[in-house]
């Protein structure tokens, strides 16, 4: 049987059909960039202190009734207590002056029984000020982010399996509709509980459409275009959406208005249903050869190329039966069935977990980088652009395993160095944190492509969803890892750095996929893992070798009919 990519080689790599699929799927990730991290502004904590009811107090007592505390070496008003109002009222009525006639440290304090006053210097409102998620209710603020990522976790786990069973396209559009609908409904939340429930389902849809779009594009596109899509296309559009987020938040400082702006663009993607096809690879794995051939013929028509009379003639009845039989029984448990696949899956789950806790931990912490959270968020988003460009170049010219390991190591080591920076050099601390995020982002962009290249068609979406699930476990923990800074300021960075270094080391034990065609069956995946070797010294950087394809075939002769060399597409 010919390999799929060799069978459809007559289409070319960068015709009108591929251009439509490429740009539409890339654009579909822009709402993900604005939506997934909107919680940064929606759930941020404004400055606040106890509300003082209208009572007859002198000006001196009005300014002194809130205790002053030292936090991180700086004095600030207490956020959760005040001096007892009845005592202060009596002292004020008797004409005592605070600090002169009365020692304030001797006065009894009480909780903010009358509520809080929130600063509006930065935000008009957030869910924290709306639902009073402070003091005794403070635990709800980081838990809100965790609830969202729990929804993303569930969506990661089930969307991959649903996509493998019912198809990439139906899951892609269904989850996009869920994301848009539930994000819009959050605007009308009357309480934190209702908001959290809607947030959970919004997260469930958010990751589902991203994974489905990623796998769909990876399976439809081929060669260098697929590398461009998986490393630069979807990731760069995600970063563009992320950079739009602080712009929206700056002009829409009420959390309800911000969520409205984030949700409505999802409606613009409804017409995409008529332009994005189902994955022919997936249809073939289901034995639906006629539908796959119809899509390829339509693609040939758009690309203005001639098609053979029978496109998939080499998909014999026996092999179609094998594919169909394999597909019937493939579930998430197949990722752990054999020692080879189990080892690959466990290593990838660790690396994806590190990505989740590292990327989202650093992203959620961006509002603390500078005094202006909008500038901080934009800096954090802008760092991702060179990271994704770097990941594309690495995927194009360097082995996957070494590239992912080195960039993950860069991210982990950079975070270690933050604790060595003097407190007066805050700019250097910010630079090291952004360098750490650069390393995590670069390795993650390659990790998406690496994961889809390692698994066969019948397990690809399930594997991507399962690995993403472990990533979301990390993202669920990330808000609480940041809270550890109250015990030791640099503890979150030490934890993230340790995980980064550990993941960099374990990645070296994964099989290499550079220059190899996507496996279609589990048998092909086993064959690849059994035959994995290292490139000879002259081929460590294949892009610099004049005979790159010949070197790869010399090391892996079984790829002679599957590996093709093609130039970069030109827009």
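Using the three backbone atoms N, Cα and C, a Cβ is placed for every residue, glycine included.
Summarising the annotation, TrEMBL assigns domain 'Major facilitator superfamily (MFS) profile' to 87-515. The transmembrane segment annotation in TrEMBL covers 20-43, 142-159, 171-189, 195-216, 228-252, 258-276, 343-361, 373-395, 402-422, 434-451, 490-510.
Contact count against the transmembrane segment (20-43) (Cβ pairs under 8 Å) is highest for 195-216, out of 171-189, 195-216, 373-395, 434-451. Within the same chain, residues 28, 31, 35, 155, 159, 162-163, 195, 198-199, 201-202, 204-209, 212-213, 216, 256, 259-260, 262-264, 266-267, 269, 272-273, 276 sit at least 6 positions outside the transmembrane segment (171-189) and bring their C-beta atoms closer than 8 Å to a C-beta of that stretch. Below 8 A, the CB atoms of the transmembrane segment (373-395) and the transmembrane segment (434-451) form 3+ pairs separated by six or more positions in the chain. Here the transmembrane segment (258-276) has Cβ contacts under 8 Å with residues 20-21, 24-25, 27-28, 30-31, 34-35, 38, 41-42, 169, 172-173, 176-177, 179-180, 183-184, 186-187, 216, 245, 248-249, 252 of the same chain, all six or more residues outside its ends. Annotation: stretch 402-422 has the most Cβ pairs under 8 Å to the transmembrane segment (490-510), among 195-216, 402-422, 434-451. Contact between the transmembrane segment (402-422) and the transmembrane segment (434-451) is supported: at least 3 Cβ pairs lie under 8 Å, counting only residues 6 or more apart in sequence. Packing against the transmembrane segment (195-216) from elsewhere in the chain are residues 25, 28-29, 32, 35-36, 39, 127, 131, 144, 147-152, 154-156, 158-160, 163, 168-169, 171-183, 185-186, 189, 230, 234, 238, 276, 279, 448, 452, 460-461, 464-465, 468, 472: each is 6 or more residues past its ends and has a CB under 8 Å from a CB in it.
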